[in-house]
Amino acid sequence: MRYTVITLFPNLVRPWLEESLLKKALERGLIRVEVVDLRAFGLGRHRTVDDTPYGGGAGMVIRPDVAVAALERALPADEVVLLSPAGRPFTQKVAEELAGKEHLVLLAGRYEGFDARVEAFATRILSIGDYVLMGGEVAALAVLEATARLVPGVIGDPQSHREDSFVRGLLDYPQYTRPPEFRGLRVPEVLLSGHHQEVERWRRQEALRRTLALRPELVARAPLSLLEARLLAEMDREE
């Protein structure tokens with residue numbers, strides 16, 4: 001899978017690719033990432049990339065001619081993703097859709113964002129949350145990492161991402177490791193029992209419990225299994 005990240009601050013992006021599983025995926029050729037400096041497409045001697053907004057207002061806006069020149073250099077691409085707080089929510093489902101593509105272009109803005117005409121050249125406008133950052137680099141890296149980890153071979157155990165939060169519509173169950181007791185807090189006995197069916201039941205139950213506590217809106221639209229539906233009914237009766 002190939003990525004092109006277009007940004008005014010390439011040195012914010014490159015270090016992220018030099019650690020952990022992304023670094024290994026790049027070394028093994030499972031993914032390719034090109035980081036494009038938007039300023040290289042700037043105008044004039046000073047490589048100007050932005051201008052004041054028509055109609056007045058604070059801040060500067062990235063010019064469409066500069067942004068599209070950088071974008072067209074990266075084409076062809078399966079998807080052109082513009083990162084913006086005004087975009088549609090980036091979810092695990094969207095990550096799975098994008099992970100099936102061969103080439104993604106990620107447009108990371110700055111200042112007051114891109115001239116609105118740049119949106120005509122994007123296939124998707126995505127947001128990673130209802131808040132505003134100083135730029136789109138963090139959002140672009142979130143999309144890159146969430147999709148790259150779904151590429152076969154990037155994560156050693158494919159079961160890992162099949163059990164992730166949101167994959168089945170619920171949050172993940174709580175995870176524990178050694179020691180079995182820490183400052184009076186014990187690992188649930190069922191996890192030490194070696195009884196695989198009971199462990200699976202406990203995990204489903206705790207995933208439901210955690211989702212109800214932290215993200216109750218997810219439960220209403222999650223495709224619950226028969227076991228999960230029974231566990232949910234039991235929890236309702238307990239209350």
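Just so you know, glycine gets a Cβ as well, placed from its N, Cα and C.
Here is what Swiss-Prot says about this protein:
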type	residues	note
BINDING	Gly109, Ile128, Gly129, Asp130, Tyr131, Val132, Leu133	S-adenosyl-L-methionine binding site
- Message: Let me check the 10 A CB neighbour count of Val132 (S-adenosyl-L-methionine binding site). How many other CB atoms are there?
- Response: 10
- Item | Neighbour count (Cβ, 10 Å) for Asp130 (S-adenosyl-L-methionine binding site) | 7
- Message: For the binding-site residues listed here (Ile128, Leu133), tell me which residue's CB has the most neighbouring CB atoms inside 10 Å.
- Response: Ile128
- Message: Given a 10 Å Cβ-Cβ cut-off, pick out the one of the binding-site residues Gly109, Tyr131 that has the most other Cβ atoms nearby.
- Response: Gly109
- Query: What is the Cβ neighbour count of Gly129 (S-adenosyl-L-methionine binding site) at a 10 Å cut-off, with all protein chains included?
  - Reply: 11
